[in-house]
Amino acid sequence: LPSPISCCLTQPVTPELLVSPSSQDGDLGSECPEDRGNWTGRLDFLLSCIGYCVGLGNVWRFPYRAYTNGGGAFLVPYFIMLAICGIPIFFMELSLGQFSSLGPLAVWKISPLFKGVGMGTILIVSLVAIYYNMIIAYVLFYLFASLTSDLPWQHCGNWWNTELCLDHHVLKAGNTTFPVNITNTVSPSEEYWSRYVLHIQGSSGIGDPGRIRWNLCLCLLLSWTIVYLCILKGVKSSGKVVYFTATFPYLILMMLLIRGVTLDGAWKGIRFYLTPQFDHLLSSKVWIEAALQIFYSLGVGFGGLLTFASYNTFHQNIYRDTFIVTLGNAITSILAGFAIFSVLGYMSQELGVPVNQVAKAGPGLAFVVYPQAMTMLPLSPFWSFLFFFMLLTLGLDSQFAFMETIVTAVTDEFPYYLRPKKASFSAAICIVLFLMGLILTTEGGMYWLVLLDDYSAGFGLMVVVITTCLVVTRVYGMKRFCRDIHMMLGFKPGPYFRACWMLLSPATMMALLVYNIVKYQPSEYGSYRFPAWAEVLGILMGVLSCLMIPVGMLVAVLQEEGTLWERVQQASRATLDWGPSLQENRTGMYVASLAGSQSPKPLMVHMRRYGGITSYENTAIEVDREIEEEEESMM
């Protein structure tokens, strides 16, 4: 078949009666929309998903969560929660994206009444993209600082250090007897992070941001520039970058792991990390922590998975890819724990303190504890550079997904105007988010980053995922959704997936939501407690994404006609052009939107239109038979 673009250029085209925003066969009285694009190879999609899911959280959150929640015993609830709500929701998102070839906004043709869910998703992703790129900017700062023969956070005596600074190198050189009381001291790496990189002493709190740190501002600009250049041509460019950014972290992780386990005291840290404490399994907190780790680690609800799958070919085996990515993500988290805790074990032995006194999570691990551990190794700048380069590649993959989600969602809504200008539109989005992130480069920027981290993707994200699950299974219908997957993959999801989608997954996420609300704790950073107005602002960030759902409902109802109940019913039904974007894939009930499809035998119409049966002819025949049987039973 000739390409849609060449058809538009060579001859006038009579538009079909029904044309979806992503359709490439009609012109609606204007020029033909630019091709949406696809992955250039199957590995592009798989590596993009791996890079998206395997991020900073695998390195700085999972190991800490594991050791504080029962060590090796934590793996039991972790894998159970992976099976209950991780894998099923992951597969659901991929299925929605691949079946429709639409982004997180346009995909709600499945039920226009709930298009606000897509709007909430875009709001959440935009807020996360702002602060996530700031973390990448910190990583770049440390990466450049590692390009030296003597790491700047190795010793005290710099202008940013205080009298509380304790240099373990000096203690070792002076043959000081260990253990040393370090409770009232500060490590050089901690003061480097807080007093030099952040210069947080220049701010009294979140209401007093202070001056812009221009070195951080330049790192943030560089970070956004890198992201823009990598998504410049959409998935065609980012799909090639991930061949490096998704695989190279594993090489570095293995190098750090091998180096770590060969250090003195390494097994002390690993034992601390994995020693099972099965009594913890009786605590509901451990199960909730496991579910939260799965929920955020796989990145469900952010729209990235749906966006990536929307660029697949219609029959891509996402069932297989789901298990590869989810299980690979879990194994990576466990390996990262070995790499981190082996070094922490060595560090605790060097300092003569228990492992739990040096173990931290989040930025404290990445920018304080691990950099300090690097100074204790021979060739410390080399290992430091490798560590931060690994964090850079881990972070960039996820940021690519966030940006591609935003750009794809909006361009799918306005394909005739934005697709030809996708590069310019992507640049505009990057510039706007960079300007919004400038507050994070100030002396009090860390307070704003913590606020965004705590609230932007909290309960709002859970509401989005729960609503999506309920709409697909209850409003759209489990039977129809399974039939769509059957048409796409050649088989229907088994009882395991159907049970999880109908009951287990939404019930688990509902429990997470209730737990988060009941156990709500105000944000804090070290000893700093956030003022009430900041807490309210944070809560509003979460509430705003939830409010998008009723706002979307109101808009959808107002666009319909009839009584209120009739409007609600009409808006909740899938639109007539919902279904596979390419007409050659519209078999069964979806062939009804093809010209001349009034025939009672949709598959025959499809064959006449395209001159033969597709490779999935048996599936199409089965779907047709199912529809006929249902119609007969209803009569």
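Quick reminder: no glycine exception, Cβ is built from N, Cα and C everywhere.
A quick note: this is a predicted structure, and the numbers were derived from the prediction, not measured.
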Range annotated as transmembrane segment in TrEMBL, from 46-66, 382-402: 382-402
Segment proximity, the transmembrane segment (323-347) to the transmembrane segment (241-258), 3 or more C-beta pairs under 8 Å: yes
Cys165 (disulfide bond) versus Asn329 (Na(+) binding site) - Cα distance in angstrom: 38
Stretch among 75-96, 423-449, 496-518 sharing the most Cβ pairs under 8 Å with the transmembrane segment (455-476): 496-518
Non-local residues, at least 6 beyond the ends, that sit with Cβ under 8 Å of the transmembrane segment (117-144): 56, 104-108, 197, 215-216, 219-220, 222-224, 227, 301-304, 363, 366-367, 371, 384-385, 388-389, 391-392, 395-396, 398-399, 402-403, 405-406, 409-410, 433-434, 436-437, 440-441, 445, 448-449, 452-453, 456-457, 460-461, 463-464, 467-468, 471, 541, 544-546, 548-549, 551-552
Distance, Cys156 (disulfide bond) to Ser398 (Na(+) binding site) (CA atoms, angstrom): 35
Inter-residue C-alpha distance, Asp397 (Na(+) binding site) and Cys156 (disulfide bond) (nearest angstrom): 36
